[in-house]
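As recorded in TrEMBL, the features of this protein are as follows:
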TRANSMEM  A:12-33  transmembrane segment
TRANSMEM  A:39-58  transmembrane segment
DOMAIN    A:79-294  domain 'Peptidase M48'
BINDING   A:HIS144, A:HIS148, A:GLU222  Zn(2+) binding site
ACT_SITE  A:GLU145  active site
TRANSMEM  A:159-181  transmembrane segment
TRANSMEM  A:193-217  transmembrane segment
Amino acid sequence: MLFEQIAKNKRKTIVLFVGFFLFMGVVGAALGYYLLSAWIPGVVIALITGIVYAGYMFSQSTDVVMSMNHAQEITNADQAPDLWHIVEDMALVANVPMPRVFIIDDPSPNAFATGNDPEHAAVAATSGILSVLTREELEGVMAHEMTHVRNYDIRLQTIAVAMTSAIAMLANFGTHFWYFGGNRRNNDKEGNIIAMIASILVLVLAPIAATLVQLAISRNREFLADAGAVELTRNPQGLIQALNKISNSEPMSDENVSPESAALYISNPLQTKKLTNLFSTHPPMSERIAALEKM
Amino acid sequence: MIGWIIFGVIVVIILLWIGIYNGLVQARMRTQESWSQIDVQLKRRNDLIPNLVETVKGSAKFEQGTLEKVVGLRNAITQTPTNDHQKTMELSDQLTNGLKSIFAVAESYPDLRASNQYNKLMEELSNTENKIAYSRQLFNTTTANYNTKLQSFPTNLVAKVHSFKPSEFLETPAEEREVTKVSFDENGL
């Protein structure tokens, strides 16, 4: 079960990489055609940028994601004894190395895990979660995060975050240039218009596709991590109470959370109550709690 | 042609055999590693106990023998051979109860509760107790994985030939079956 999950995640990571480079290529071609009237340089530039970016993200993902979310690292138990010891306990029982620990200064209770693999993992908790939850509840939350670490969910999700940020950036860049107009030396009007429409279409569709990828990646994973957490703590009540408290709290401040990494959190940090199911990165809390109550 | 087929089948069987054997060794190793996790925590607790006894001895009155019993159990654990898991854990559970009673008495002495050293010790001991409970759970998980391998086909054939012995589960004391966590202070955190 665990190993299947890990293998599946590794496969998906590869698919994600291939998909990302294809996507970068297409977007590059569109931009290149539009700006320089030649698609090949666009593709080359996009792929080189993509490789450099992916390499950078792969080696620095934890630090990048943590700074995107304004998280401060703590390096010894005295800075937050309860959190530190609970993370230690959960890493022990999940049989993964102790991850790095970060705190986000935000009154809304929430937490996430990130990193490339269990050896280079990190967990972050908001200051809110530390003051609102009891020990058993926080254990449930950290066990949930440790399950993400152990399953290699963190690698897949972190790469998805990096890639959607890149695509969003690229699309922004593209639309920006579109306003100022591209290269108009091309006399082949008809071809130009078709290419233009195609470019615009790609640029508009890119962020939507990126969001859909994140949705597909994160929703089921939360159910699995909840189940894994109970396997570690043997205490479904702790996690149920924690999820209840978290879902009844105010969302996190926009300054702290980057929208691209919202999918990493145990509960959507930006969720407004009106938001419907369809485009939410997280399954509804009521369904998760119902699933836990059956355990 | 037939010779080659037979040769191929034999090679495949040998490779499978090696793979299964290595898998078993790894699973057995995991149970041993998780036992050493417990051992580390037991040692850490043993190191804390003399300190605790020193700290509370002067400032609180205990029933005759409470402290001696805890010290005695601590020494008994150090003398139990490391491969006698059941005995070690039985003593460890008694020690946990002994420590609980020390903390219960100490609670009624404001001087102690105000002391930094006492609070620090209590925090470390309750942290260690939690880790003992969790490492014990990990041990049982790795044992279950290993024992399942020993019993399922075709791993059981390899296990029998190389005489792999099943690993024994650690029994959880009755009162801890519900929630494995131990907390010395009433507020949980």
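Every residue, even glycine, has its Cβ placed from backbone N, Cα and C.
Around the residue listed as 'active site', taking its Cβ as the centre, 30 other Cβ atoms fall within 10 Å, counting all chains. Between the CA atoms of the residue listed as 'active site' and A:GLU222 (Zn(2+) binding site) there is a gap of 10 Å. Within 8 Å of the centroid defined by the CB atoms of A:HIS144, A:HIS148, A:GLU222, the record's Zn(2+) site, lie the Cβ atoms of A:ALA113, A:GLU145, A:THR147, A:ASP153, A:ARG221, A:LEU224, A:ALA225, A:ASP226, A:GLY228, A:ALA229, A:ILE266, excluding the listed residues themselves. Every protein chain shown contributes to the tally, and the Cβ of A:HIS148 (Zn(2+) binding site) ends up with 27 other Cβ atoms within 10 Å. The number of other CB atoms found within 10 A of the CB of A:HIS144 (Zn(2+) binding site), across every protein chain shown, is 27.
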